[in-house]
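Below is one structure, written out as structure tokens; the observations come after it.
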Amino acid sequence: MAAKDVVFGDSARAKMVEGVNILANAVKVTLGPKGRNVVLERSFGGPTVTKDGVSVAKEIELKDKLQNMGAQMVKEVASKTSDNAGDGTTTATVLAQSIVREGMKYVASGMNPMDLKRGIDKAVAAAVEELKKISKPCTTNKEIAQVGAISANSDSSIGDRIAEAMDKVGKEGVITVEDGKSLADELDVVEGMQFDRGYLSPYFINNPDKQVAVLENPFVLLHDKKVSNIRDLLPVLEQVAKAGRPLLIIAEDVEGEALATLVVNNIRGILKTVAVKAPGFGDRRKAMLEDIAILTGGQVIAEETGLTLEKATLAELGQAKRIEVGKENTTIIDGAGEAVNIEARVKQIRTQIEEATSDYDREKLQERVAKLAGGVAVIKVGAATEVEMKEKKARVEDALHATRAAVEEGIVPGGGVALIRARTAIASLTGVNADQNAGIKIVLRAMEEPLRQIVTNGGEEASVVVAAVAAGKGNYGYNAATGEYVDMVEAGVVDPTKVTRTALQNAASVAGLLLTTDAAVAELPKEDAPMPGGMPGGMGGMGMDM
């Protein structure tokens, strides 16, 4: 085991604070509409230029072990805020730096760090409650577009695209971001349920121009096993043929004689059918088949439920207005399922989302909700160069997270104003002793810091602006983009409540841990072994002069 360096008290804290400051100073220059860019070196290819706080934070790794500990703790603030709320990483970093910096002064003067932390926690809890009171719901397209634009570093075109996508697929719909093929941003919307399985044979195609099979008003047969024997399918095929409607078969697989017969019937025009594999694997496949059954108003024909293919009736088949089957995707539009059943299924999946432990499971469950409740929208990001594409794509993803957060918990005035207004709830707070009161003061001071940094990045005098905003009421604040004092909500400068709340809570949590640290243990740097000596010199010539 390598030897460790153990550092105590002020020496440990001082080094860690240096690390906090290095990271925070690099991140905070990106804050606000007039924030600056940071250039990140890449080991291959060109450098990345970004204004995204969390991207900058993730790149920072310091040589000094103790400094690096401090930096990594603040990096955790940025990452956690980004994961929970999708934005607010720079605000969280600025808040954490301020709480640590102010708190260290009190710790150095001999105050009890534990009481300081209690005071900080008390103030943050009061501020969060006040933020909830200030918050107003985010419902209109205009408000959603404003949130998206602010989060994408004041790019209104991104905000508009996200608002349009949400309008088309609903608040629960899946919105994904992909690289575009042109210079302009594009929005593709898939209405209905889409899953990533295509036709099992190209002979099913009936629209050669688009290379898809289109079924109008079809029945949908759902089966959880392989189908290889045509005898199993015959009874249900005869019933569908009598009804004179097309049929989509979704099964674990359709092969051999069964597939060949379906293809022949299709080519001869006897019965229009398409066969596709069921989406997903294992338990997820069963769940997705059940989702499709509920969406189309049918049943999954499975032995577990006592149903068999030979005895299947039309009543057990699902129905839809239209189904499109491509090479890789199947889209079910306007399924005949009961709205009540679909809502109940969505509610059930939501409960599973809350109980899910892994991010992957949560993401897959969220996709299922979206497919049942809304639809799927794809924002294709356009840019001139790959460097610009990466940077823009990251901003679109941030903005998307922020708009989801706004729809979830509402919005507050942006530009650091909400935190200034929330200070009113803390101003009258008192702790049990002087040390707790000092903790409350630390948070009071820290809540000015985001506004100060926005103003500083805009090249103005921070103290004057903070005093002017604090003297105002409600949504009155400073719009750094124009340099004017305005009603922030009317001007479209808004933040999701969840983002501001999460930033404050995470910053206080990590800053509190740093203040109450009294020892740090780090690995000693390995000393490089000296280079081995060179080879001894060659021996003299052996020749003898005659």
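From the backbone N, Cα and C atoms, a Cβ is placed for every residue, glycine too.
Under the heading ATP binding site, Swiss-Prot lists 30-33, LYS51, 87-91, GLY415, 479-481, ASP495. Cβ environment of GLY88 (ATP binding site): THR81, SER82, ASP495, VAL499, THR500, THR502, ALA503 lie under 8 Å away, each six or more residues apart in the same chain.
If you look up Swiss-Prot, you'll see 526-546 marked as region 'Disordered'.
Residues or ranges marked as compositional bias 'Gly residues' by Swiss-Prot: 534-546.
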Query raised in the report: Any idea what DSSP makes of ALA480 (ATP binding site), helix, strand or coil?
Result: coil
**Report entry** Fewest Cβ neighbours within 10 Å, where candidates are the binding-site residues THR30, THR90
**Finding:** THR30
